[in-house]
Amino acid sequence: MTSVRRAAVIGGNRIPFARSNGAYAEASNLDMLTAALDGLAARFGLAGVEVGEVAGGAVLKHSRDRDLTREAVLGSSLAPTTPAYDVAQACGTGLETVVLVANKIALGQIESGIAAGVDSASDAPVALNDDLRRVLMKLNGAKNLQQRIAALAGLRPGQIVPELPRNAEPRTGLSMGEHAAITALEWGITREEQDELAVASHRNLAAAYDRGFFDDLVTPFLGLSRDSTLRADTSVEKLAKLKPVFGTRGKNAAAATMTAGNSTPLTDGAATVLLGSDEWAAERRLPVLAHVVDAQTAAVDFVHGEDGLLTAPVFAMPKLLARNGLTFADIDFFEIHEAFASTVLATLKAWEDPAFAEERLGLDAPLGPIDRSKLNVTGSSLATGHPFAATGGRITATLAKLLHEKGPGSKGVISICAAGGQGVVALLEGA
Amino acid sequence: MTGDLLRDITQIGLVRKLGVPRIPVLRRYEPGAPLLDGPALVGVIGAGRFAEPIRALLTAAGVADAGDEGRIAAVVLDASAVRTIDELAGVQQFLTPTMRRLQPCGRVLLIAPEPDPADPEAAAVAQAFDGLVRSIGKELRAGATANLLVTTAETDPAALDPSVRFFLSARSAYVDGQVVHVGPPVGRAVDPAAAGDPAPADEPLSGRVALVTGAARGIGAAVAETLARDGATVVAIDVPAAGDALAKVANEIGGTALQLDITAPDAPQRIVAHLEERHGRVDVVVHNAGITRDKLLANMTADRWNAVLAVNLRAQLAINAALGEVLSDTARIVCVASTSGIAGNRGQTNYAASKAGVIGMVRALAPQLAPRGVTINAVAPGFIETEMTAKMPVATREAGRRINSLRQGGLPVDVAETIAWLARADNGGVTGQVVRVCGQSWLGA
Ligand SMILES: NC(=O)c1ccc[n+]([C@@H]2O[C@H](COP(=O)([O-])OP(=O)(O)OC[C@H]3O[C@@H](n4cnc5c(N)ncnc54)[C@H](O)[C@@H]3O)[C@@H](O)[C@H]2O)c1
């Protein structure tokens, strides 16, 4: 182990994100991740090149996706001698891979690495129902015909019903949207502000595409060259017509605010980020867009405690800022993952709230409001969609490019909420 | 696979017995292949300075002297000293007995003088070679070609080498009936001792950085592959929407993909910034991206007109203007024009105007760039088998394929080989030229 240095973000590549059962309905996680890696290799001349490592992952994985990332490397144009491993931290997976690779670079264990994530809601694993699985395992272990017949005798019609993956928390049985609806209600997030945030996301993303911002961040896949969720012409009026879909049961049903327009749809896609030491980048004449300065994870007890499922970043961010001696005034870009518009707004409200700051964050003063013109300036998940593990890579590469445009020393933070009551935040500095 | 069914059918014995002439299968270059697949005959009329160096080149390349009998793979005649009609008769006498000896895919390469305006007979005789070579091209059968190199008193024999190699080899399979001027190399004279090691023969573009626009498919993809095969590091450009195909091309050749629309206002700056950052220079620029928006002029809209002019001409001008210091001192710019820009084509007023414009640009820039050691040339493809031509109506396509001396369409690689020849650092003597890759098309000859 040698001295600690800052890992450079060299660039990124993702495939356009597609609404589930759309353009990528037939594509697997492996197909998408391989395509994203190949696009990255082409952008940075990495065909045949051995990279220090590739860290990747998917939230929804088939059993055949064991060592998904390594398989993607083998199918890509990267050198087959590039090691790879899978990571899983729900929607935090993508950003967590960035942190892992950056840390290894910082410690001098590797000179370069790729952080990656992929998810398919279309090709989601459908598991055997647990009872049937037990019968089949027994059958597999049977040594003779008699035992086999005995095992098969355990078959029941009800076992044929497969286990569909659910977007629900195992410990509460509530979907993520239902959890978010509770938080939205708690923080008094209005329908209007959610719809406004959604419209801003779409407009910002469309404008960024139009000015060519994504020319070197996205490579088309299966006929798609822009995110299929993007609605450049959406408006608050149009969104106001939609019916709420979450928080629509129980005593607060009348106060439901979350619609399909201000919630992220299920999406397919993959994203990658190329990281390296400054020396490695210079040797290969590759650009350094930004440096990874620091990162922080947090988790909340949403099962028994008072915190919302998606509120962990609220706790992670102040730690990150304090450790780096920064306040919101020092930050040029805020990239807050839009799982739901209400999640972003509740997070901002928590950071503005003096009582919450004192009681829950242990701060004398709240972090304060942020300048909204610095928030998700090229759109975020409401417009791009959110293939769970791919979001961290999408945001990291986007922010790095924004910081590079802004200039050396500029600063940006990323905040990503995740299932299981977790959150990952990171600080990048422009180069 | 060319999709040329008729050509394939005419290879069948029975079909040929019916009197259907065989459409030749052209010899094409494979790395490591010999320069010629048979002996060559080199002649000279009078005091030509080029025959000896060419003989030396052929000997070094392992090509035998054909002597007086038997098949010949190539005939080279140095007629650079011919100035009179009587001397021209010597050309006929030398060539006539060689015609029947020429083997399939044989080569006829003539070297003629530049017309001398001070001597009407010499000027007339020099011009006579144009008609002669183009007629030979039309008489030759079985994939053989005839081309002409025009030289001046200042032409250094060494400057001719890359062109002699190109026109004799299988790389020029679909280049026929062409006239190319080879002058003294552009730029400052380079001391051969200081110039460093010459590029290895099988990788003539070794160490060179090449930019290719429209590289995701068709001719551009073939150019990227061919330049990389010859040793170049390729930066492949295409529109963002073609990025997946572009990435495939780039990864296959170990190059890089740069997604951008060359008509974007900031495209030239982005290209230059990319070249500076990643490579510090560019040695080869291939303007290949092009579009068609066909309509009779009577039905032409401003949109269609402007779109074609923007991609095919304005973008090339803008990028050339922006290249500046990033161009290395042996840089080669090659602009893809079209035979439509020479002959015109019904329904293609916009396209033909843009492609003729490219030729005008090349001629204007050549003298401006020469002092810097930079050449600029145009390559004008004729009928090339691509996705574009595959979509043509059958009759139009069939006619397009047959109306040339080789009676078939060319392949993208044929255009690419021609560009690779113009891209060589040692090919400084060819600039401001328009080389057609058209199998000697009857259009606009
Ligand atoms: N195919 C022929 O027979 C033929 C004949 C004469 C000339 N040409 C010329 O050869 C060149 C290549 O032709 P092809 O047949 O391969 O065509 P093609 O359509 O197959 O390929 C052209 C490529 O250029 C790209 N391109 C178009 N506009 C662009 C832009 N604004 N920015 C970046 N890239 C852009 C396209 O995406 C495409 O990949 C063109 O200039 C064409 O005019 C072709």
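Cβ coordinates come from backbone N, Cα and C, glycine included.
Unlike curated entries, TrEMBL annotations are predicted automatically.
Database features (TrEMBL):
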type: DOMAIN; residues: A:8-277; note: domain 'Thiolase N-terminal'
type: ACT_SITE; residues: A:CYS91; note: active site, acyl-thioester intermediate
type: DOMAIN; residues: A:287-429; note: domain 'Thiolase C-terminal'
type: ACT_SITE; residues: A:HIS386; note: active site, proton acceptor
type: ACT_SITE; residues: A:CYS417; note: active site, proton acceptor
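DSSP assigns A:HIS386 (active site, proton acceptor) to coil in the three-state reduction, outside any helix or strand. Cα-Cα distance from A:CYS91 (active site, acyl-thioester intermediate) to A:HIS386 (active site, proton acceptor): 9 Å (rounded to the nearest whole number). When averaged over the domain 'Thiolase N-terminal' (A:8-277), pLDDT in the model lands at 91. Around A:CYS417 (active site, proton acceptor), the C-beta neighbours below 8 angstroms that are at least 6 residues distant in the chain are A:CYS91, A:GLY92, A:LEU309, A:LEU310, A:THR311, A:ALA312, A:PRO313, A:HIS337, A:ALA339, A:THR343, A:THR347, A:GLY423.
Counting residue by residue with DSSP, the domain 'Thiolase C-terminal' (A:287-429) contains 62 helix, 32 strand, 49 coil. The Cβ of A:CYS91 (active site, acyl-thioester intermediate) has 30 other Cβ atoms within 10 Å, all protein chains considered. Cβ neighbour count for A:HIS386 (active site, proton acceptor) (all protein chains, 10 Å cutoff from its Cβ): 27.
DSSP assigns A:CYS91 (active site, acyl-thioester intermediate) to a strand in the three-state reduction.
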